[in-house]
Amino acid sequence: MRIPATEIWVPDVTLYDNADSNDYVAHSRSSNAIVSHKGNIDLWSKPTLVKSTCKIDVKYFPFDMQECSMKFGSWTYTSFQMNLTKHAPNPELSELVPNEQWDLEYAVTRRHSVKYECCPERYLDVTFYFGLKRKPLYYIYNLLMPCMLLSSLSLLGFFMPYDVGVVKVSLSITLILSLTVFLLLVAEMMPRTSEEVPLIGQYYAATMFMISISTAMNVFVLNINEKGGLVHAREVPRWLRVIALEYLAVVFWVTPCPCVRMKKKSRTQHEHHELRYKPVNNQNTHIVTFDTTSPRNGGVTSNHVVGNRGSRYMNGPNPPDFDSIVREQNGSESETISERRLARMDKVVSEILKHLKALDRKKEKATQLKKDWALVAKVLDRLLLMIFFVSTVVTTICLLSQRAVDKTPPPEDE
């Protein structure tokens, strides 16, 4: 016999952690009750959507596993007044519809007898436990992979030439802004809780921190590279030269530029390739010698006689006449004037050559300093690149390898 459930007594079994405004007891009374001739009553509720609260632990998101429960029990009847038992050891899952976000790991039913502080009697309840494991593929594809790609793009900043230093810094800032946008998307997906920072949030924060450090590294290397171009550039300190150019350059396969490798060779050639201007004085002759010696041409020497103090008439066979003596005296005076002018020219040309040599040495030294600092910057850039790469890989592995501990069903009935 089937009669309306409102015509008979129905226990006030309710959902303790109900999250819906609709009353579960009122819904259960909306169906008919089946009464047998033996006095047994079967009350089957209609299929309904039940909403229950569940505390979410977002620490390992998106690789998390949650355990939710639904507690059913009488609100006013004690264990002496009503005995509440479970119909089956575990819930029936034959009609379960698979979910696109969660996998059901387990579903069990447990009967509890609880004594509350308000009352001396014990109360019975039947609780359903569900173990839910999140499917992470959606979050890996849409959140983690873009973050990994942006992190790998930051490595390109170390391979950019120093002439585009502004572009290197702009790249890092753009990557940080992109990660900020993705972090806002993650914040929209997560519950607003301050108990735990989700794993994906930690990964985004670590990636942004690493990219910020790489930006500081690029600025530091750019400053090192520009040290050689300063007006009052200093030489590379000896300790830095030994560490960077003798040890780290070998480790990171950084070879010095040709001008650095040929430094000693160029100095040797400079010693053998000079323009020398020297007057050679004898008792009778003044000789000005321009001597250019080079390993390539074998050397060229040019001697010029500019004066002679002896007279061709001094010991000649024929005695000179008056006109010859006058001409000879005029020639001697001209040679004396020429010798004085030549002496002044000797001094001027020597000063010019000294100045040119000083400028050449200064220019060569400035070029060499610029090349040395550029080589030091390149070595430091490779060192910081390796540090950044290792730090990024270790951080990614340490964070993304974490998984939530698989939860086990609660113990049997108490």
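Glycine is treated like the rest: Cβ placed from N, Cα and C.
TrEMBL lists 1-136 with the feature domain 'Neurotransmitter-gated ion-channel ligand-binding'.
Per TrEMBL, domain 'Neurotransmitter-gated ion-channel transmembrane' is recorded for 143-399.
A Cβ distance under 8 Å defines the sequence-distant neighbours of the transmembrane segment (138-160), meaning residues of its chain 6+ beyond its ends; these are 61-62, 101, 167-168, 171-172, 175, 178-179, 182, 185-186, 200, 203-204, 207, 210-211, 214-215, 217-218, 381-382, 384-385, 388-389, 392, 396, 400. Per TrEMBL, the feature transmembrane segment maps to 138-160 (among others).
Look at TrEMBL and you will find 166-187 (among others) tagged as transmembrane segment.
Long-range neighbours of the transmembrane segment (199-222) within the same chain, counting only residues 6 or more positions beyond its ends whose Cβ lies under 8 Å from a Cβ of the stretch, are 59-63, 139, 143-144, 147, 150-151, 154, 157-158, 162, 165, 168-169, 172-173, 175-176, 179-180, 182-183, 186-187, 190, 377, 380-381, 384, 388, 391-392, 395-396, 399-400, 402. Per TrEMBL, transmembrane segment is recorded for 199-222 (among others).
Per TrEMBL, the feature transmembrane segment maps to 242-260 (among others).
Within the chain carrying the transmembrane segment (383-405), a Cβ under 8 angstroms from the stretch's Cβ atoms is held by residues 57, 59-60, 63-65, 144, 148, 151, 154-155, 158, 199, 202-203, 206-207, 210, 213-214, 217, 220-221, 248, 252, all 6 or more beyond its ends. Annotation source TrEMBL lists transmembrane segment at 383-405 (among others).
Summarised by DSSP class, the composition of the domain 'Neurotransmitter-gated ion-channel ligand-binding' (1-136) is 8 helix, 52 strand, 76 coil. Across the domain 'Neurotransmitter-gated ion-channel ligand-binding' (1-136), the prediction's mean pLDDT works out to 84.
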